[in-house]
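Visitor: Handing you a structure now.
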Amino acid sequence: MKTAKDVLKSIKDNDVKYVDLRFTDPRGKWQHVTFDVSMIDEDIFAEGTMFDGSSIAGWKAINESDMCLMPDPVTATIDPFFAETTMVITCDVLEPTTGEPYNRDPRGIAKKAEAMVKSMGVGDTVFVGPEAEFFVFDDVRFSSSPYNTGFRLDSSELPTNTDTEYEGGNLGHRVRTKGGYFPVPPQDSVQDMRSEMLGAMAKMGVKVEKHHHEVASAQHELGMKFDTLTLMADHLQIYKYCIHQVAHIYGKTATFMPKPVYGDNGSGMHVHQSIWKDGKPVFAGNKYADLSETCLHYIGGIIKHAKAINAFTNPSTNSYKRLVPGYEAPVLLAYSARNRSASCRIPYTASPKAKRVEVRFPDPLANPYLGFAAMLMAGLDGIKNKIDPGPAMDKDLYDLPKEELKQIPTVCGSLREALENLDKDRAFLKAGGVFDDDFIDSYIELKMTEVERFEMTPHPVEFDMYYSG
């Protein structure tokens, strides 16, 4: 584990010129402030540095704006993109008057959720492994002005470009709709770009595994090794940052919107999770699919609280355009071994050490600190209250008769519904003071502004359906 002294030595050894302090806002966006290296000493790791929190949506008012960034030396890494040698350090956000974690800091909430596992005696380590998908386009144009609303996307990979005239000719080899998983180049047109993305992540300290094209045209995924909950959330922020940066360098644009394209697969973020205690996997046992009773109760908690969790794991109005039947989206709240149509899947493994739950409804717009923490708190509530998840569903849920489908609960159908469920079902999040009413209320208020803007804005499809009526 790196200490402040280790970081200061690394600054000297690498001839670092600047130190970039980063933190995550409630919406999940990485924010930063850059210091000349002369401002970085042991004191900043002990006392932090002040900043104005009033400009961060969902945080403090202007009359109480002072906040404290506390650098976490464990996260120090060199940014591979900046012209001047720059060290990046992820920060916690503290209340300057008390030195306590700020109750609305997503990273602080994630750390408190991890601590709950220990305080309950359930385990001592939580491992998380997200699989975040994304799109890369050559060009994106959008307008949301009152008299000009719409968007346009383009990528040389899109099947709509089979007859487009290109300088040097059109060479074909397009990825067909839902046909991107996963032919070799030249159909897979950004192999080298993904390799650079993965390499940049590795340079920033992320343990990387693989990369590949995804199902939709222009859709991709990079693989990371699992890690402990808060560190994995840190790594997911690096993941998004590297993808945006490398795409930009290539003259392209990456997006983590769950459903930018109608009629093709959306981008999900399946999240694998497990708990360990004294070096042993808590989720391994002799019940269904070689799971422990504790794991089944964990799944029961996820299913019971899924609609409230959606507010964090699927935090955009666009998220619910992905969560519809027919595009491999896990809308049904059921669990199964190997069945990818269930929202909670138990991946097959012969090793007890690899026993885990894969929650499939989250998407990559989720704030990773809040999304991971909310799922963990739901699972812990399931363990505490021995919530029965019911029988496993081992048949293809996509092909069930309508009458059977009606008996299976589903995730939320809109962000408004998710926020309403969060408002009603919040007690499990507040256990141990992990989340509190102040944060939940402020988050609902922040997200409702997005809902209301979306609901009040006329949509191009409405003109298509109703203009001449």
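Glycine residues also receive a Cβ, built from the backbone N, Cα and C atoms like all the rest.
According to Swiss-Prot, the feature Mg(2+) 1 binding site maps to Glu131, His270, Glu358, an assignment based on similarity to another entry. The annotation Mg(2+) 2 binding site is assigned in Swiss-Prot to Glu133, Glu214, Glu221 on the grounds of similarity to another entry. What Swiss-Prot lists as ATP binding site is Glu209, His272, Gln273, Ser274, Arg340, Arg345, Lys353, and the listing cites similarity to another entry. The L-glutamate binding site annotation in Swiss-Prot covers Asn265, Gly266, Arg322, Glu328, Arg340, Arg360. Sequence annotations record features per position, and here Swiss-Prot assigns domain 'GS beta-grasp' to 14-98. Taken from Swiss-Prot, the feature domain 'GS catalytic' covers 106-469, and the record attributes it to sequence analysis. The O-AMP-tyrosine annotation in Swiss-Prot covers Tyr398 and rests on similarity to another entry.
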Visitor: Looking at the recorded positions Glu214, Glu221, Arg322, Glu358, Arg360, Tyr398, which ones sit with their CA no more than 10 Å from the CA of Ser274 (ATP binding site)?
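Guide: Near Ser274 (ATP binding site) by Cα: Glu358.
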Visitor: Among the binding-site residues Glu131, Glu214, Glu221, Arg345, Glu358, whose Cα is within 10 A of the Cα of Asn265 (L-glutamate binding site)?
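Guide: Those near Asn265 (L-glutamate binding site) - Cα within 10 Å - are Glu214, in sequence order.
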Visitor: What's the CA to CA span in angstrom from Glu221 (Mg(2+) 2 binding site) over to Gln273 (ATP binding site)?
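Guide: Spelling it out, the Cα of Glu221 (Mg(2+) 2 binding site) and the Cα of Gln273 (ATP binding site) are 19 Å apart.
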Visitor: Given the binding-site residues Gln273, Arg340, Glu358, which one's Cα is the least distant from that of Gly266 (L-glutamate binding site)?
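Guide: Its closest listed neighbour, by Cα, is Arg340.
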Visitor: Tally every other Cβ atom lying within 10 Å of the Cβ atom of Arg345 (ATP binding site).
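Guide: The answer is 23 other Cβ atoms.
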Visitor: Looking only at C-alpha atoms, tell me how far Lys353 (ATP binding site) is from the residue listed as 'O-AMP-tyrosine', rounded to the nearest Å.
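Guide: Between the alpha carbons of Lys353 (ATP binding site) and the residue listed as 'O-AMP-tyrosine' there are 31 Å.
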Visitor: Please list residues from the chain of Glu358 (Mg(2+) 1 binding site) whose Cβ is under 8 angstroms from its Cβ, counting only those at least six apart in sequence.
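Guide: Correct list: His270, Val271, His272, Gln273, Cys344, Arg345, Ile346, Pro347.
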Visitor: Where among the binding-site residues Glu131, Glu133, Glu209 do you find the Cβ with the fewest other Cβ atoms within 10 Å?
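Guide: Comparing Cβ neighbours within 10 Å for the binding-site residues Glu131, Glu133, Glu209, Glu209 has the fewest.
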Visitor: Here are some binding-site residues: His270, Arg340. Which one has the most Cβ atoms within 10 Å of its Cβ?
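Guide: Within the set of binding-site residues, the most crowded position is His270.
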Visitor: Among all the protein chains here, how many other CB atoms are within 10 A of the CB of Lys353 (ATP binding site)?
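Guide: A count of 13.
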